[in-house]
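Peer 1: Have a look at this one.
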Amino acid sequence: MTETGNGRVGTGRRRRGARGERLMVERAEFTSYYGRPILKEPTWSSVDIAGYFFLGGLAGAGSVLAAGAQLTGRPATARALKTSSALAIAGSAAALVHDLGRPGRFANMLRVIKPTSPMSVGSWLLAGYGPAAAGACASALTGRLPRLGTLATVGAATLGPAVATYTAVLAADTATPAWHDAHRHLPFVFAASATCAASGMALVASPVHEAGPARRAAVAACAADLAATEMMTKQLGLVGETYEQGKAGRLMHTARILTTAGALGAALLGGRSRTAAVLGGAALLAGSALTRFGVFEAGVASARDPKYTVVPQRSRMASRSEETDPAASA
Amino acid sequence: MAQDTDTSGAGRRTGTLRRLLSGPEPEPAEDAGHTGAPARVGFFTDTSVCIGCKACEVACKEWNAIPEDGIDLTGMSYDNTQSLGASTWRHVAFIEQNVVAASLPSAQDHSDVDVFALASGTEPGTVGATEPGDGAERDGVRWLMSSDVCKHCTHAACLDVCPTGALVRTEYGTVVVQQDVCNGCGYCVPACPYGVIDQRKDDGRVFKCTMCYDRLGDGLEPACAKACPTESIQFGPLEELRERAAERVEQLHRRGVTSARLYGHEPDDGVGGDGAFFLLLDEPEVYGLPPDPVVTTRDLPEMWRHAAYAALGLVGAAAAVFLPLPGRRSGR
């Protein structure tokens, strides 16, 4: 594995393959220790954690749409979304506990409050949001305690947007290049993807005459999702290719197709055909789930290859020394 | 510490939060709530005298009763340990480099020396007879060895992101996992910018170097430093080590080893300086170290801010789609 190349010597030197279609700004050459990763990839199971991101988004954004539906007199939509939010957040919490190395110690999550730990903040958020979503659902389904139910609906709608977006901070607050370096865009990707899922659920579960806002939300969320993902990938530079290649690339690509098809189908045909609305909604839900799996896999891929650790850090150092000493770069 | 830490009254309050997340932080143990803490301790690993004996790896395993974690022949020189992990808290890297022999500190070519003739005394004086320039066309091998370890960062991402408070800053300024608290969420694993901490799959919890916390309490040095036969691994008060390291790198430069450089010693680097820092003879990435690590929580305020914008955007969009469209009947 030891190689000698143009004066500089390194172990496991690698050159970017001819596969890359577009030219990257960063220099392609780098050195590593036998090509081994510098960072540890997440120990998380993709089903648990990407699933937890997806379900949290579906729940959080769903609570917001549910409150909107209730306020504007769309009881069937409100009921459906409250139910899906309660179930989704329960599933989300279950996935989180299932992923723990010591599930029996789940309660330790509420042992401290740490603003520096998005997972701690999220645990407390779920501790508040979960009961609110469950209460809103229970009241809507049974028709009992309507005032408490309204309070819970408002509470869930207030915490919902935080539930839908904090997971982006959770992922970004790591050393994983594809997540950390996207920390400005990832919350928007997650918020848009969450709204895609929630509007999809509304389309699947509510009657056509109530689903006007869901169709508009689907189109807006789809546009936001495509734009935010595109901006994120562009801004990431070299690391952006982890969202375009391999397993993550396939997931993101399929997600884009499903999301776009779902939103267009719902917008164009969903107002007339219940079948089209259901199909469009299902496509939006699937697209949102695949987006989260794609983001997860991009993170894993970016941690696995030392290129994504070394090259961006090197170019950061180069631009820093250029700033302090312009002559040195000449 | 000679570092400027902005202790002027005005800037102090606003600087506190920032200081806790990134940048120079002279007293991490005090900031963590330890009053009257002892001097911060650390490791200075001088790789220029490492002989690759792996005594540190063995001593660490023995003292800390770390389980076996796989026996492989990797083909990576003499490195069959491969990397730091849940059950590997010291890892000796071996790098074989083909270099121009003349560039080596000992550039003499001994290939034509007949040791048997020397031993029998029939051919005296061959040693050193070669011209120094002779090796120029011939390839030589440079062997780099370095014992890697948890850096015990001033701003430790693993500690910052730990949701249970299992990871703590000790009174010595080191970073330790409380094994009775850790619930195996695994958040610290991708958070570490050095890829040090990891989960033991069969156990579920995460493990890493404790800098032999149990030995420190008894006034002993960590097992790896104790076992190191060449004092490549030096343990002591961090400030003292930093001074010693600066002297050592200067000494090496004077001797012509211009490739010697310190890594992780600066209190104003991306992690606020490492509690365990190194003297290296090549770029950090050659040893599998990140060239410019940054604690992820440095950007956390910005992450929360963007999450807030995104959440507000979600609420705004939801409000907009429920508004009755102009020219249409509401309720549609």
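Note that Cβ sites are derived from N, Cα and C of the backbone, with glycine treated the same way.
Found this in TrEMBL, in case it helps:
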- B:1-36: region 'Disordered' (REGION)
- B:7-23: compositional bias 'Low complexity' (COMPBIAS)
- B:41-71: domain '4Fe-4S ferredoxin-type' (DOMAIN)
- B:CYS50, B:CYS53, B:CYS56, B:CYS228: [4Fe-4S] cluster 1 binding site (BINDING)
- B:CYS60, B:CYS209, B:CYS212, B:CYS224: [4Fe-4S] cluster 2 binding site (BINDING)
- B:141-172: domain '4Fe-4S ferredoxin-type' (DOMAIN)
- B:CYS150, B:CYS153, B:CYS158, B:CYS192: [4Fe-4S] cluster 3 binding site (BINDING)
- B:CYS162, B:CYS182, B:CYS185, B:CYS188: [4Fe-4S] cluster 4 binding site (BINDING)
- B:173-202: domain '4Fe-4S ferredoxin-type' (DOMAIN)
- B:307-325: transmembrane segment (TRANSMEM)
Peer 1: Just name the binding-site residues among B:CYS50, B:CYS56, B:CYS162, B:CYS182, B:CYS185, B:CYS188 whose Cβ comes within less than 8 Å of a chain A Cβ; none is a fine answer.
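Peer 2: Listed in sequence order, the binding-site residues near chain A are B:CYS162, B:CYS182, B:CYS185.
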Peer 1: Determine which residues of this chain, when B:CYS150, B:CYS153, B:CYS158, B:CYS192 are set aside, have a Cβ within 8 Å of the centroid of the [4Fe-4S] cluster 3 site's Cβ atoms, and list them as they appear in the sequence.
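Peer 2: After dropping the recorded site residues, what remains is B:LYS151, B:HIS152, B:ALA156, B:ALA157, B:LEU159, B:VAL175, B:CYS188, B:ALA191, B:PRO193, B:TYR194, B:VAL196, B:ILE197, B:LYS208.
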Peer 1: Tell me which of the binding-site residues B:CYS60, B:CYS182, B:CYS188, B:CYS209, B:CYS224 ends up closest to B:CYS150 ([4Fe-4S] cluster 3 binding site) in space, Cα to Cα.
Peer 2: B:CYS209
Peer 1: When the Cα of B:CYS212 ([4Fe-4S] cluster 2 binding site) is compared with the Cα of each of the binding-site residues B:CYS50, B:CYS188, B:CYS228, which one is closest?
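Peer 2: Checking each of B:CYS50, B:CYS188, B:CYS228 against B:CYS212 ([4Fe-4S] cluster 2 binding site), the shortest Cα distance is to B:CYS228.
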Peer 1: Work out how many Å separate B:CYS209 ([4Fe-4S] cluster 2 binding site) and B:CYS182 ([4Fe-4S] cluster 4 binding site) at their Cα atoms, rounded off.
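Peer 2: About 15 Å separates the two Cα atoms.
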Peer 1: List the Cα distance (Å, whole number) between B:CYS53 ([4Fe-4S] cluster 1 binding site) and B:CYS224 ([4Fe-4S] cluster 2 binding site).
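Peer 2: Pair distance, Cα basis, whole Å: 12 Å.
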Peer 1: Rounded to the nearest angstrom, how far is the Cα of B:CYS153 ([4Fe-4S] cluster 3 binding site) from the Cα of B:CYS162 ([4Fe-4S] cluster 4 binding site)?
Peer 2: 15
Peer 1: Out of B:CYS50, B:CYS53, B:CYS150, B:CYS192, which of the binding-site residues is least crowded by other Cβ atoms within 10 Å?
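Peer 2: Candidates: the binding-site residues B:CYS50, B:CYS53, B:CYS150, B:CYS192. Fewest Cβ atoms within 10 Å: B:CYS53.
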Peer 1: Within 10 Å of each Cβ, count the other Cβ atoms, then let me know which of the binding-site residues B:CYS153, B:CYS158, B:CYS209, B:CYS212 comes out lowest.
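Peer 2: Per-residue Cβ counts within 10 Å for the binding-site residues B:CYS153, B:CYS158, B:CYS209, B:CYS212 bottom out at B:CYS212.
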Peer 1: Just give me the nearest neighbour of B:CYS228 ([4Fe-4S] cluster 1 binding site) among the binding-site residues B:CYS60, B:CYS182, B:CYS185, B:CYS188, Cα to Cα.
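Peer 2: The smallest Cα gap between B:CYS228 ([4Fe-4S] cluster 1 binding site) and any of the binding-site residues is with B:CYS60.
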Peer 1: Centre the Cβ atoms of B:CYS162, B:CYS182, B:CYS185, B:CYS188, go out 8 Å, and tell me which other residues of that chain have a Cβ in range of the [4Fe-4S] cluster 4 site.
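Peer 2: For the [4Fe-4S] cluster 4 site the neighbour list reads B:CYS158, B:VAL161, B:PRO163, B:THR164, B:ALA166, B:LEU167, B:VAL177, B:ASN183, B:GLY184, B:GLY186, B:TYR187, B:VAL206.
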